[in-house]
Structure formats: structure tokens, C-alpha cells
Amino acid sequence: MCDVLTIRDLSKSFARNRVLNGVNFRMGKGAVVGLMGENGAGKSTLMKCLFGMYAKDTGQILVDGSPVDFQSPKEALENGVAMVHQELNQCLDRTVMDNLFLGRYPARFGIVDEKRMFDDSLTLFASLKMDVNPRAVMRSMSVSQRQMVEIAKAMSYNAKIIVLDEPTSSLTEREIVRLFAIIRDLSKKGVAFIYISHKMDEIFQICSEVIVLRDGVLTLSQSIGEVEMSDLITAMVGRTLDKRFPDADNTVGDDYLEIRGLSTRYAPQLRDISLSVKRGEIFGLYGLVGAGRSELLEAIFGLRTIADGEISLAGKKIRLKSSRDAMKLNFAFVPEERKLNGMFAKGSIEYNTTIANLPAYKRYGLLSKKKLQEAAEREIKAMRVKCVSPSELISALSGGNQQKVIIGKWLERDPDVLLLDEPTRGIDVGAKYEIYQLIIRMAREGKTIIVVSSEMPEILGITNRIAVMSNYRLAGIVDTKSTDQEALLRLSARYL
């Protein structure tokens, strides 16, 4: 039996930058192959070459033993190769069935046959054991449900190969279990998956094989039963990381940021939140998706209207009616949705690095190009951003490097309070370690840091204390050294 996918000596360059260099691998029917690598390693480029979004420079791609050279994603889909992107690209104001059959609506007498479309959708969902209403509007659905629709859409093309790019980045634990069940079920039917993820625990749970890219070169290709986590880390970063998390040796001082009885005005409403965070402390916020963690950070940064309660800084009551007020008090905020709220996608690295601190780069009342460039170069060096130059568009960078630029933007202001919402989501293990080191270094300098994370090992690995949110209320605050994952889960379900 021939392999469902074979890639031979595939190379791809952009200008003088070689992104893929002679990549070789193959996968059989029903295989679930994990694809790992640091941000910028070439994972996305490889998949875009497979999916017809990029033209390869050299090499060969074979599907079911036959050479293919897809010129577009449409052609790839029609030949059984589908891709579910991390950033779901859907028409949110249209129905599920509209999205399923977009561009290929069944017609009768020149008119869209909605009954057939509805019936075909029901049949498709039933075959995948999915309980989805074809007439539901996409906007009304959760991220996990929308993701299931994308997988169903792939199967409506009789997909042989489905690429999943960071599929669990916005899912709850229960939704991840459901996704894995669907992957296993389709795998038994012969559908092959390429599973792109930075979460090693998931790779070991769901994948039968794993491949690793580093700087465009394949550095590891093995059965999942033959590798250890340390092997994957070494293959990805080119060196051994003795520990998953750096030692948090920051010294915690007195209370600095205090919140008393805080409730917000508009839905979703926070209710009666009280906590205090100390100078030099790394304070974690944990909870299930939709528990109110992001909303609390937004309220602290002046992005949500406070109905009751108060916030104090160094013992003095403060008023936060806008993000401008928060910035004047030397607060910094890195949002969860970096592409939507954290950066200007059409701006350069220099623009995104300096935009939050423009008055500091003036000379004689005018912006100094020299100072702007020096600031960008300073943060590129400090944050180890992989880029061509400060003038490069931030959208051209990998997710991890984009996040480094966003954090660097705030470091230019030397903040006293740093609010980080999922700072390592979608970032490779090497970049994660660097961000952990940065967080600990800032805590050592006496900064007050609040970190939201959905990854329990991460929040237990880098924080001093953890507040657990449940249904927009504070369920409890625990000392990190004296708690565990089970205790965090119990607290997160307290008000459900």
C-alpha cells in the first residue's frame, strides 16, 4: 500500500532567505503525524506549499503516489487535501450550511437548493457523530463548534489528508477530548492528519508519529513511541534545555496593586473581585475558558467600565476610565488576541515597537527617525526577534516573534505593572522559555506581573500565587508551592 503523502527534497526561499531546505517525509493512511518546530522553523511554509498557497522552488509532492502541484487551495481541496487554520476563516453572519458549501452551492433550476444543502449537511454531521444545527448562524457558535464545522467541510471534499494548525489553542479540556475523539475516529477510517502544535503533551496523546523542523531542515522523524520529550526539545532548539521552566528566584515585596469588591457594568460582568498583588510578584490567573480572566485584566487596564469597588496602587485609590489612564500610571497590557488587539499588522516592526511610547522619541518637538530605529533595534536584540530588519512588516514574522515585538513595545515604557494574557499561546518551546526568563527578570526588578494562562503546568511553573476564576467570580487564591492541578480544577468549577 502506497503512502498517502510523500514530500521529497522540498525547498522554498523568499528573496535570499531559505525557509525550507530539502525536506523529506512521508505518511501512511490513517496516520496522525505531529509537526513541531520553533516559530520561524518553516512549519507554516511547508503546509502552505502542500495546500497550494505557495509555489515550491524545488522538490516533489506526491498524494497517493501521484505527483501533484496544486496552484490554489481550491485545487488542493478538490484533490482531498484540506487545512484547518488556527485563525478560522469563516463567514460568521452566514449559516453553518452556507459555510460548508460556500462556492459550490447545490442548485435546482438555477436556484440554490436549500433543502438539499440542509439534508446533505445533516448527513455529513451524522457520519461524523457531530450534533450541529446546519441552520445555526456561525457567530452564535463556540470556537470548538466552528472548528468542528471546518473539519466537516474538509470531509465533504472526501479529504484524505487534513492539516490541523494549533487546533486546541482556544478550546477547553472537554472540547479537546471531543476533538481527539473525532481525530481518532476519522483516522480509523483512513484519513491522515498533520497535527501542528507547540503542546508536547498533546503530541504524545494523539499522534502516532512526529516530525520536527529547525531552520527549514527536518531534524527528527520518528514513531511517537520511540521519542522522549527531551528529544523533541533538542531537535527543535538545537540544544538541551535542562528544565522546562527557569527558577523563579524573584523576591516578593509589599502589596502594590489592590482590588476591592470590583464588579463591572456590562456583560459579561465580573462580580465582587478582591485581591492584592505585591511588588516583584508573578501572580497567576487561572480558570476555564470564559471564566472572566481576560475581562479582569481588561478592567484593570481601563478597558471595561467598573460599576462597584475600587483599585489602589501603592495604597492610593486610582481611577481607570480608559487605557490612557492605565498607561499614565505605567501599566502595560499584552492581550490574548495579539493579531486582533496587540499589533498593527500592516505596520513595520519599528512602528509596532515604538507606537506606545512616541513622546520618548522626539527631538525638538518632532519624531526622530534615528531614535525610533535605535529603539526598534534595541528591542529586536533584547527580545531576540528573528527578522530581516526593523522595517520588515510585523505580519511577516512568526507568531512567537510577533509576540516578542508586542512585549518589547511595552518594555520600552519600563512599566511598573505588566498584565499578560496568554503570553505564550501558539509559541514554540524555545521562545516560551525566553519569555519565562523575561517575566522572571522583570519580577526581579520589582515589577508587578499578572499572567493569565490556560496551561496548568505553565501557571504552576512560573508564578508565586494563583487566583482561580469561576463564572466571573473569584473562587480562591492559592500559594503555588502548596497546590496542584487537581486543586486548581476543583476551584475553577466552584461557581459553575
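Each residue, glycine too, has its Cβ placed from N, Cα and C.
Sequence annotations record features per position, and here Swiss-Prot assigns domain 'ABC transporter 1' to 5-240 based on sequence analysis. Taken from Swiss-Prot, the feature ATP binding site applies to G37, E38, N39, G40, A41, G42, K43, S44. Summarising the annotation, Swiss-Prot assigns domain 'ABC transporter 2' to 243-496.
Projection of Swiss-Prot feature records onto the structure.
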residue : record           : contacts (Cβ under 8 Å, 6+ apart)
G37     : ATP binding site : K43, V212, L213, R214, M236, D428
E38     : ATP binding site : R214, M236, V237, S398, G400, D428, V429, G430, A431
N39     : ATP binding site : K386, S398, G399, G400, N401, I427, D428, A431
G40     : ATP binding site : K386, L397, S398, G400, N401
A41     : ATP binding site : L213, R214, D215, G216, M236, D428
G42     : ATP binding site : K12, V19, L20, V23, L213, D215, G216
S44     : ATP binding site : D165, I196, S398
Number of Cβ atoms other than its own within 10 Å, given for K43 (ATP binding site): 26
DSSP-derived class (H/G/I helix, E/B strand, else coil) of G40 (ATP binding site): coil
Confidence summary for the domain 'ABC transporter 2' (243-496), mean pLDDT rounded: 92
